[in-house]
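*Asks:* Annotations for this protein, taken from TrEMBL, read as follows:
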- 1-10: compositional bias 'Basic and acidic residues' (COMPBIAS)
- 1-22: region 'Disordered' (REGION)
- 87-97: compositional bias 'Basic and acidic residues' (COMPBIAS)
- 87-111: region 'Disordered' (REGION)
- 102-111: compositional bias 'Pro residues' (COMPBIAS)
Amino acid sequence: MGFKGVKFDEEPPEDFDPADPYKDPVAFLEMREFIVREKWVKIERAKILRERVRQCYRREGVNHLQNCRTAVLQYLESLKGVGWGKDGRPAYAHDPESTWPATPPPPPPFK
């Protein structure tokens, strides 16, 4: 008899209302926990892919540009929208649906 782990829901709570998030405090906390879990999963996936890229670079040596291309592309794709400080950045810099690297919008004119 030992610890068998914790069972988490794979989906956000059904009773959470984004228009009025504080209406149901339990659903609000469940949604917040769901978002944090999803972020941690993305972060850990990026770490695993980074380690694969590192191993591929060491294994392939001078041919790493050709032979590690798919691993690097997977790693770069996994970095989109990953991390805790990305919320304040513009969408072109962290949105998973945007093309990366994207050209930032021009700066506003001086007044």
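The backbone N, Cα and C atoms fix where each Cβ goes, and this holds for glycine too.
Context for these features, please: burial, neighbours, distances.
*Replies:* Away from its own ends, the compositional bias 'Basic and acidic residues' (1-10) comes close to residues 30, 34, 37 of its chain (Cβ-Cβ under 8 Å, at least six residues beyond either end).
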*Asks:* Is it possible to list how many residues within the region 'Disordered' (1-22) are helical, extended or coil according to DSSP?
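*Replies:* For the region 'Disordered' (1-22), the helix, strand and coil counts are 0 helix, 0 strand, 22 coil.
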